[in-house]
Amino acid sequence: NLIQFGNMIQCANKGSRPTRHYMDYGCYCGWGGSGTPVDELDRCCKVHDDCYGEAEKKGCYPKLTLYSWDCTGNVPICSPKAECKDFVCACDAEAAKCFAKATYNDANWNIDTKTRCK
C-alpha cells in the first residue's frame, strides 16, 4: 500500500529527502501522470504507475494491498505471501531501488504539469 511504499523509499534512500518530496515531482510522481517523464526519477515513477496498472488488471488493489517486507542493508526485500501481495510489493520495491539510483532535481518538484507534461 502507499504507506508501505513510502517506508520502502525511506529504506532504500537512508538519510535522503522525506517521502513527501516524491509526491509532487515531475509528471508521474504523485497522483495521476501524463506526458513524457522529465528525468530518470520521474521515469521511475512512470514505471511504478505502469506496474500498478498491471496489478489492477490482475484484479489487485495496489494502493490498498498490505504485504510483508523487510529492509536489509538499505534494500527492500519482499516476503512471499500471495499473488497480489507479491506483485504489488515487487512494484514498490523496484521503484524504491530506482529512486535510490536516480538524482533528485529540485527544479522538477511542484512543476506546472499542464505545460511541462504533454
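Our numbering is plain: 1 for the first residue shown, then up by one each step along the chain.
Using N, Cα and C of the backbone, Cβ positions are placed for all residues, glycine too.
When the candidates CYS78, CYS84, CYS89, CYS91 are compared with Swiss-Prot, only one is recorded as disulfide-bonded to CYS51, and it is CYS91. As annotated in Swiss-Prot, CYS45 shares a disulfide bond with CYS29, one of the listed residues CYS29, CYS60. The cysteine that Swiss-Prot pairs with CYS89 in a disulfide, picked from CYS71, CYS78, CYS98, is CYS78. Matching Swiss-Prot disulfide entries to the candidates CYS27, CYS44, CYS60 identifies the partner of CYS98 as CYS44. Of the listed candidates (ASP49, ASP50), Swiss-Prot assigns ASP49 to the same Ca(2+) site as TYR28, GLY30, GLY32. When the candidates CYS11, CYS27 are compared with Swiss-Prot, only one is recorded as disulfide-bonded to CYS117, and it is CYS27. Taking the disulfide-bonded residues CYS11, CYS44, CYS91 in turn, the residue surrounded by the fewest other Cβ atoms inside 10 Å of its Cβ turns out to be CYS11. Remark: CYS27 (disulfide bond) has GLY33, SER34, GLY35, THR36, PRO37, VAL38, ASP42, LYS46, ILE111, THR113, ARG116, CYS117 as non-local neighbours, by Cβ distance under 8 Å and separation of at least 6 in sequence. Taking all protein chains in view, 17 other C-beta atoms sit within 10 angstroms of the C-beta of CYS98 (disulfide bond). Other residues of the chain with a Cβ within 8 Å of the Cβ centroid of TYR28, GLY30, GLY32, ASP49, the Ca(2+) site, are CYS27, CYS29, TRP31, GLY33, CYS45, LYS46.
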